[in-house]
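**Student:** Below are the features listed in TrEMBL for this protein:
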type: REGION; residues: 1-22; note: region 'Disordered'
type: DOMAIN; residues: 121-167; note: domain 'F-box'
type: REGION; residues: 204-239; note: region 'Disordered'
type: COMPBIAS; residues: 223-234; note: compositional bias 'Low complexity'
type: REPEAT; residues: 302-343; note: repeat 'WD'
type: REPEAT; residues: 344-383; note: repeat 'WD'
type: REPEAT; residues: 384-423; note: repeat 'WD'
type: REPEAT; residues: 423-464; note: repeat 'WD'
type: REGION; residues: 493-550; note: region 'Disordered'
type: COMPBIAS; residues: 495-507; note: compositional bias 'Low complexity'
type: COMPBIAS; residues: 508-520; note: compositional bias 'Polar residues'
type: COMPBIAS; residues: 539-550; note: compositional bias 'Polar residues'
type: REPEAT; residues: 581-620; note: repeat 'WD'
type: REPEAT; residues: 621-656; note: repeat 'WD'
Amino acid sequence: MTDKDEPLQQHQHQQHQKPDVHHSFLSRHVPAQYSNTRKLCYRHRPDLTRKRMPDSFNFEDVQRQMESLPTPDRAAISRIWSLFSAAPADQRTLILKGLLSTCCMPQLSFLYDEIKPLLRIDFSSILPREVALRIFSFLDAKSLCHAAQVSQSWRSLADDDQLWHRMCEQHIDKKCTKCGWGLPLLDKGRRKRSPDQALLTAPPATIAAEEDDKNTNSPLRTACGPGALAAAGADQDDLHRTKRVKMDNNSTTVESFEGGPYPATNTEVVPVRTRRPWKEVYSERLVVERNWRRNKYNVRVLRGHTDGVMCVQFCDANNILITGSYDKTVKVWSLDTGETIRTLEGHTRCVRALQFDNAKLVTGSMDHTLKIWDWHAGRCIRTLEGHTGGVLSLHFDSKLLASGSTDMTIRVWDFQRGECCTLMGHTEWVNSVRICSQDNLLVSGSDDSTIRLWDLQTRSCVKVFNGHVGQVQIALPSPRGFKHRFNGELIDHTNNNNNHVSSNSNNTASPQPMNLTNFQPACATEDRTSATRRHHRQLQQSSSDDCSTQGALSDTPIILSGSLDNTLKFWTFDGVCLRTLFGHVEGVWSIAFDSLRIVSGSHDRTVRVWDLENGHCMHALEGHSGPVTAVAMSDTKIISASEDSEVRIWDFSANQ
């Protein structure tokens, strides 16, 4: 053998040794890697492959390209893949570094485009369900809906009932502290209540439970509340009246009368229903809230009265609407059909005020009397006499009935004791009375431009509210448990559209209003601890962000009043004016409000919808051809009455 043959023999020897080296490398690393699947990465674990979505990398294209290559080339490439697959993690990294050093720009660009989607990890497939749900809990409602469209596993997480329960808890019957959105309660009186129970109760303190839930301890606000009682104003029969003589503020008289309250009927028992998914509950209420925001409604007009309609109240649970008119009649309507069910006749002059519950109806008239009716049968049960002038307003709870009159007095009828007391102090007509049962107080508004707060135990006036420069037509105290963000400081808002808020102080202006039409809810649910921390941060910084809150939620009682000076005012029970709403160009006759918004009716023939929290006018509803004398509202509709003899139903419900 010559020296020239030695290099050839060495090369042949190396070729014979390569398969042994490859086999040794594979046998050394492959068994260790595949003996325990837990050591496999996220991408190659068989148990995770079944759960997650497939890679965006299309290996079928690679196989087709391999088939187009010659057999030796395919074998060489397969060998390279096998060696890389068998290499441990540190050696894989070393191999890749070497490959990257030899790559040209086209290859590097290819790697950049291909690697980015492969690095995405479906956390829901590798984390415990509890951890994944915790991550999903930081998403807003819109993001949860998008997540439900990713895959079946994501849908099971995004549709979790507990997540949507927290979302409902954060939004229903209250305003979210992060996005400023609140959703209506839509209770509709599904929990039947005793007829002698107070008609307007508090909204839930923490959550407005879904419509079929009967296990909550918080009282639910229903549409059977007293609504907007008669917005008083000068009676047409006594338009040119003479001024009465002032009476002593502290003088009271007590009279007795026979008989007790009208007996209550048996309370119906509502059968237990299957609870609906919370996502469905949220979606239903979101549609209604969007209708409110976008001013999207259907209008129905009820005609039947032959003269102006002065008072209105309705009950969504029973689909009943009752109105009183200058034509001396009271009409009971069906909300479903819009037809008159019956007409109650008995008063000899116009009916200015009414209130009803499941058992009885009480009406007040300019004929100086109040009448108690069985509105189901259409018969008068009893007539209360005592006022020396027309009855302009009334309100009752389970024990007491209060009435205000043109004789400038307030009479409080105590059915349990069988007596009547007279409260004197106003120097003009008493247009509004409202009993605060929990505090044994009464709020009244008068043509003398004042609001008075009365103690029913001592039968004396404890506070006089001065601030309106026109006759006060309506004064409504907030119900028990009512939540608001008035922190006791005077608030000053301005708006260049003349729908603004001012106050009696020189405080700095509050943030500008949000764009209610284009704004979409985008807030994450949060636990109480994080919510508390967030709230403290908001209190420490004065931010102009639209979603910032003006203070902590408070249940301190407030009073909302409307006057012929074209304004609405918020008051504390201490007589401090918190806020004044401007927007109407003529006097305000009637108002109604809930936890999200205010509705007002005016002599300018419009009904305005206001945002309760920031005080800005959202919409002005037009259609009446006469002054709007009374308004009532629920979560889905506004009902307004006018001197044009019409009753209009503005329906914002989802199934309109």
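Cβ atoms here come from the backbone N, Cα and C positions, even for glycine.
Given the structure is predicted, the values throughout are model-derived calculations rather than measurements.
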**Student:** Under the DSSP assignment, what numbers of helix, strand and coil residues are found in the repeat 'WD' (302-343)?
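**Tutor:** Its residues divide into 0 helix, 25 strand, 17 coil.
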**Student:** Determine how many residues of the domain 'F-box' (121-167) DSSP places in helix, in strand and in coil.
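**Tutor:** Grouping H, G, I as helix and E, B as strand yields 33 helix, 0 strand, 14 coil.
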**Student:** Calculate the per-residue pLDDT averaged over the domain 'F-box' (121-167) and state the result as an integer.
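**Tutor:** Computed over the domain 'F-box' (121-167), the mean pLDDT is 87 on the 0 to 100 scale.
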**Student:** Taking helix as H, G and I and strand as E and B in DSSP, count the residues of the repeat 'WD' (423-464) in helix, strand and coil.
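**Tutor:** The composition, in the requested order, is 3 helix, 26 strand, 13 coil.
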